[in-house]
Amino acid sequence: MFKRTGSLLLRCRASRVPVIGRPLISLSTSSTSLSLSRPRSFATTSLRRYTEASSSTTQTSPSSSSWPAPDAAPRVPQTLTEKIVQAYSLGLAEGQYVKAGDYVMLSPHRCMTHDNSWPTALKFMAIGASKVHNPDQIVMTLDHDVQNKSEKNLKKYESIEKFAKQHGIDFYPAGHGVGHQIMIEEGYAFPGTVTVASDSHSNMYGGVGCLGTPMVRTDAATIWATGRTWWKVPPIAKVQFTGTLPEGVTGKDVIVALSGLFNKDEVLNYAIEFTGSEETMKSLSVDTRLTIANMTTEWGALTGLFPIDSTLEQWLRHKAATASRTETARRFAEERINELFANPTVADRGARYAKYLYLDLSTLSPYVSGPNSVKVATPLDELEKHKLKIDKAYLVSCTNSRASDIAAAAKVFKDAVARTGGPVRVADGVEFYVAAASKAEQKIAEEAGDWQALMDAGAIPLPAGCAVCIGLGAGLLKEGEVGISASNRNFKGRMGSPDAKAYLASPEVVAASALNGVISGPGIYKRPEDWTGVSIGEGEVVESGSRIDTTLEAMEKFIGQLDSMIDSSSKAVMPEESTGSGATEVDIVPGFPEKIEGEILFLDADNISTDGIYPGKYTYQDDVTKDKMAQVCMENYDPAFSGIARAGDIFVSGFNFGCGSSREQAATSILAKQLPLVVAGSIGNTFSRNAVNNALPLLEMPRLIERLREAFGSEKQPTRRTGWTFTWNVRTSQVTVQEGPGGETWSQSVPAFPPNLQDIIAQGGLEKWVKKEISKA
């Protein structure tokens with residue numbers, strides 16, 4: 001139902017509203033609509049609180065009340081993302097305005113760790129730290145492996161709790177729920193702040209106007225010790241919603257559709273800001289926003305930020321009125337909410353975005369993701385025709401197992417009871433697992449009767465926590481089985497056997513599928529007779545009554561997009577600079593190799609996730625030996641990898657390498673295999689942080705991937721020894737490829753690998769680097 005013109009994805013009928021987008025450049029001063037497009041030749045790329053001294057949990061450094069004043073016109077217009085980062089950046093020069101691309105020293109309002117708290121604590125102690133810089137900044141939750149009652153796991157949990165008590169850190173034991181949900185419902189992730197976590201789904205905090213982004217274990221240890229860590233402000237994409245969702249269409253359908261329809265890495269390593277008219281944004285509840293923000297991770301983004309608006313204000317005031325504990329009430333204090341909305345932080349007029357995307361919500365229908373990929377999204381009505389039998393269904397995860405989700409699933413069964421006049425059960429041969437996002441959300445569902453409705457239908461309860469979503473505990477998919485889940489990630493092997501098939505869908509569709517035994521919906525959605533496709537594409541929609549409804553304002557937007565287009569287009573068409581004798585050479589830090597050379601080992605696949613690199617079943621086994629890590633490296637992607645790879649090989653893969661979870665072992669297992677360098681077409685940001693922090697160098701070389709696919713595409717293998725030689729001269733920033741004995745030799749310039757990153761790697765990673773820096777103090 002789509003057609004492409006240039007890089008604009010258009011519905012097969014005229015747009016209902018003007019779009020500033022592609023495919024041709026035109027300017028009309030008689031209209032508020034301006035069109036801008038890239039020429040075809042350009043490529044688009046129960047809380048246990050331990051305190052040593054009494055202190056308010058709302059006090060951090062910088063102050064949680066230091067939100068920028070949006071009415072004070074800055075010299076440099078900023079996006080909402082840039083404004084929030086500005087408020088939590090240390091050491092900025094006087095008059096400096098944070099912009100995308102800046103490296104900043106970030107002091108987050110909060111930092112959450114979960115089951116990985118103990119490995120983080122070991123890093124914290126290894127760098128020589130003895131005292132947590134700001135205990136109020138840290139939150140610990142146990143949520144991933146809560147069904148594991150082994151002595152080893154219980155001892156680890158005990159060690160985490162003891163550490164929290166010793167340092168006065170807020171601690172939530174196993175059974176209280178998924179850490180991200182706790183951060184939301186307990187008010188730690190507060191609007192207008194920066195909140196990070198050592199988990200890839202920190203993006204979820206954007207659902208409440210809090211800039212949430214993932215960090216990795218080493219970053220978390222650094223924050224514990226110093227209160228800060230480095231961060232590069234990503235390019236920022238504005239995603240504009242228009243219209244409202246039809247009945248039967250949910251937030252899960254929105255993000256599944258976005259991930260599947262914009263599936264060419266359009267927002268890879270971007271920060272996202274979701275916008276829309278007042279009517280549109282009011283139609284999206286906070287729970288809906290949390291679902292969308294949560295899965296911006298799977299879409300490839302580093303943040304997914306919703307506005308600080310009236311919908312959020314109503315939610316906050318409800319939380320303030322119903323907070324039952326003193327500590328929670330303090331975080332949702334009326335005074336704090338009043339201060340926030342007395343002058344809410346918004347993007348400035350004229351703020352520059354690197355990309356503009358849009359989606360008309362009214363044209364959307366229920367969607368299903370998979371199998372085994374979030375980049376494959378299919379309208380439910382198409383899948384229903386195939387009557388795909390399922391073996392397991394899951395209503396789990398921080399994405400979609402809040403009380404509202406449980407209510408939606410329960411309604412499917414209640415409606416079936418009303419239709420049949422008698423009890424209904426989960427289909428024969430289907431196992432339906434349910435785990436609430438938190439203990440508090442489960443209590444709400446129980447009081448409403450929704451939890452019991454699912455249990456009466458034969459659902460299998462699991463403790464509040466991550467459950468099957470992380471691939472741990474009861475109910476994992478077995479070889480050959482098919483499952484459908486309301487969770488966020490369906491990568492191969494993520495939820496059990498690599499030989500199973502996993503689909504993702506809304507709670508309603510999961511419940512209906514469990515009831516019917518095949519992938520199906522509850523029948524609520526009715527497609528309009530005049531529907532001709534999903535309205536989605538690149539560009540900015542100009543809506544009547546919006547702030548872009550004068551010629552002058554449209555001109556400002558046109559100029560901003562023109563600047564962005566010229567910049568990215570010139571990069572796309574200009575030849576890469578060669579490094580000749582007159583080129584500036586890079587200084588080499590002692591201990592860092594001047595040259596890295598080896599045979600190219602080609603893993604011909606895009607979107608290899610961290611689950612593919614290092615299976616989830618090993619992630620929380622903290623005593624896995626280096627030899628074992630090397631043995632299981634890439635196990636989910638290619639079981640034969642271990643026998644093919646050799647020490648010293650240059651690891652080369654496709655695009656969006658290292659997407660998915662923030663597990664550190666994805667990098668350290670490659671190092672354990674004695675592979676000195678990872679090269680890919682593009683690399684996920686969180687994996688990049690893990691790699692550098694653990695002393696694994698990286699390069700992005702799209703041209704090399706394209707050439708390898710030209711040479712070996714006719715006989716595709718998961719892992720191939722190519723016989724090609726790869727040589728990276730770090731000093732001259734030059735890569736030379738010898739395409740096998742007697743083959744072509746060619747060279748390419750690559751970005752300089754700066755001495756500061758060399759130093760971290762030469763020291764053996766960020767942990768050892770920080771330890772060295774502390775010893776200097």
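Heads up, residue numbers simply count up from 1 along the chain you see.
Cβ coordinates come from backbone N, Cα and C, glycine included.
For Cys398 ([4Fe-4S] cluster binding site), the same-chain residues lying six or more positions away in sequence with a CB closer than 8 A to its CB are Val178, Gly179, His180, Gln181, His201, Met204, Asn294, Ala437, Cys466, Asn488. Positions annotated as [4Fe-4S] cluster binding site by Swiss-Prot: Cys398, Cys466, Cys469.
Look at Swiss-Prot and you will find 52-74 tagged as compositional bias 'Low complexity'.
The region 'Disordered' annotation in Swiss-Prot covers 47-74.
The transit peptide annotation in Swiss-Prot covers 1-35.
The [4Fe-4S] cluster site, placed at the center of the C-beta atoms of Cys398, Cys466, Cys469, has further neighbours from the same chain whose C-beta lies within 8 angstroms: Asp143, His144, Val178, His180, His201, Val396, Ser397, Thr399, Ala437, Gly465, Ala467, Ile470, Ser487, Asn488. Here the binding-site residues are Cys466, Cys469, and the one whose Cβ sees the fewest other Cβ atoms within 10 Å is Cys469. Secondary structure from DSSP puts Cys466 ([4Fe-4S] cluster binding site) in coil.
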